[in-house]
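A.B. asks: Starting off with a structure, shown below.
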Amino acid sequence: MGALEPSWCLLFLPVLLTVGGLSPVQAQSDTFPRCDCSSVSPGVLAGIVLGDLVLTLLIALAVYSLGRLVSRGQGTAEGTRKQHIAETESPYQELQGQRPEVYSDLNTQRQYYR
């Protein structure tokens, strides 16, 4: 543990200010002028948090219900379409027996590569 990390230095800052004759509150008030802003009461803060949770749950519920509706609609149409394709077409080509004329020219060209 050779050198102190920056987070440890921040922990020692109030101690250094107190030893130097300044309390952390005095140092802050001298550096930054007092703000005349309105403070947020705990009730308002709790209302914001609860409202956020309710809206998040409503959005999740809406996405879930829409996802179920879309997958149901596509699932039935897709299933009948797949059955229709399976009845009309085969994805595999039938074997057509041996055709020696396809490979007959390979034997004639082989002598050039020797």
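Every residue, even glycine, has its Cβ placed from backbone N, Cα and C.
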A.B. asks: From the set Y64, Y103, which residue is assigned the annotation phosphotyrosine by Swiss-Prot?
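C.D. replies: Matching Y64, Y103 against Swiss-Prot annotations yields Y103.
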A.B. asks: Within 10 Å of the Cβ of T56 (site 'Important for interaction with transmembrane receptors'), how many other Cβ atoms can be counted across all chains shown?
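C.D. replies: Summing over all protein chains shown, T56 (site 'Important for interaction with transmembrane receptors') has 10 other Cβ atoms within 10 Å.
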A.B. asks: Mind telling me which of the modified residues Y92, Y103 has the densest Cβ neighbourhood, counting other Cβ atoms within 10 Å?
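C.D. replies: The most densely surrounded of these modified residues is Y103.
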A.B. asks: Taking just the CA atoms, what is the gap between Y92 (phosphotyrosine) and Y103 (phosphotyrosine) in Å?
C.D. replies: 23
A.B. asks: According to DSSP, which of helix, strand or coil covers T56 (site 'Important for interaction with transmembrane receptors')?
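C.D. replies: In the DSSP reduction, T56 (site 'Important for interaction with transmembrane receptors') maps to helix.
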